[in-house]
Amino acid sequence: MSASYTNETVVVNYRDAFPKAMVKNVIVVVLCISINYINVALLQTFCKQQIFYMNPRYILFFHLVLNDMIQVTLTVILFISSYIFFQINVSVCCVLILLALFATENTPLNLACMAVECYIAICIPLRHVQICTVKRTLMLIGLIWMTSMLSVLPDLFITLAIEPLDFYNSRVFCLRETVFRNPHIIKKRDITYIVYLVIVWFIIFFTYFKILFTAKAASQDATKARNTIILHGFQVLLCMSIYAEPLLRQVLQQWFPQNYSDSLFACYILFQILPRAISPIVYGVRDKTYRKYLKRYLLCKMGP
């Protein structure tokens, strides 16, 4: 029995009744609108203040928020489509899955880069201006996208090479496993996720402990940077927990067979939506400079 057939069989067996499906979709849409509304305010605040244009930290933050908006919007579209259409054209599903995967894999890499920028600002302050330039920051963002593409695009190329043309005109329940269903792709994905996990967590731990030692000198900026790294680590933990999702699905199906769809919904909220709600807290609320201009923007918007 193929993996794609198994996935679709599981989905059919655990489809929600209409009232429950309606509640879940309303929750997802409300969360999506709320997160994107806040993120739009953050992006517009960035665009209206020239002070942020020349700061690599805020440029990386802008990219993180924009990336989060893309990821949340695409995953919500896929979530709602699974209830409205159930099955969609493979070609359309393939495009949506690829874009969602790019955005998903960009997030931990972007957070790792932001942790390194914090480390340089606190531990090597005299060289921060020379190392962290706007040009290098933009090149780093390009490198993030290139890394994600090199991770994901081989799935597409392998599928194009081995699947018959009829497959791309068929309809499937839109999951990564139903579109990129070759066993070699799954093995490649698992190896890639392990490499991502090791590299990103090494960077998070390295920068945290370096800043921790610096913070012992009672530097207020160092202490704040250390706390920021902790939040980055928590966000990375949530983002990268999705890398264990295939195994988690199997465990949930065995442990909670009667509530499998509810368990998957909880995982979707926890691993896909919640991490994207942390970014506004880290910079939109905690960062004094950004908070000042964000308040000014919101007050102007609410004014007559």
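Note: Cβ is positioned from N, Cα and C throughout, glycine not excepted.
Look at TrEMBL and you will find 25-46 (among others) tagged as transmembrane segment. Residues 52, 58, 61-62, 65-66, 68-69, 72-73, 76, 79-80, 83, 268-269, 273, 276-277, 279-280, 283-284, 290, 293-294, 297-298, 301 of the same chain lie 6+ residues outside the transmembrane segment (25-46) yet bring a C-beta within less than 8 angstroms of a C-beta in it.
Taken from TrEMBL, the feature domain 'G-protein coupled receptors family 1 profile' covers 38-283.
Taking Cβ pairs closer than 8 Å, the transmembrane segment (58-79) reaches residues 25, 28-29, 32, 35-36, 39-40, 42-43, 46, 52, 96-97, 99-100, 103-104, 106-107, 110-111, 113-114, 117, 134, 137-138, 140-141, 144, 174, 268, 272-273, 276, 279-280, 283, 290 in its own chain, all 6 or more past its ends. The feature transmembrane segment is assigned by TrEMBL to 58-79 (among others).
TrEMBL lists 84-103 (among others) with the feature transmembrane segment. Cβ atoms under 8 Å from those of the transmembrane segment (84-103) belong to residues 67-68, 70-71, 74-75, 77-78, 145, 148-149, 152-153, 156, 159, 167-176, 178-180 of the same chain, restricted to positions at least 6 beyond its ends.
What TrEMBL records for 109-126 (among others) is transmembrane segment.
Marked as transmembrane segment by TrEMBL: 138-162 (among others).
Under the heading transmembrane segment, TrEMBL lists 193-213 (among others).
According to TrEMBL, the feature transmembrane segment maps to 225-243 (among others).
Per TrEMBL, transmembrane segment is recorded for 263-285 (among others).
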What same-chain residues lie close to the transmembrane segment (138-162): Cβ under 8 Å, and 6 or more beyond its ends? 59-60, 63, 94, 98, 101-102, 105-106, 109-110, 113, 179-182, 184-185, 188-189, 192, 196
Overall pLDDT of the domain 'G-protein coupled receptors family 1 profile' (38-283), taken as the mean: 82
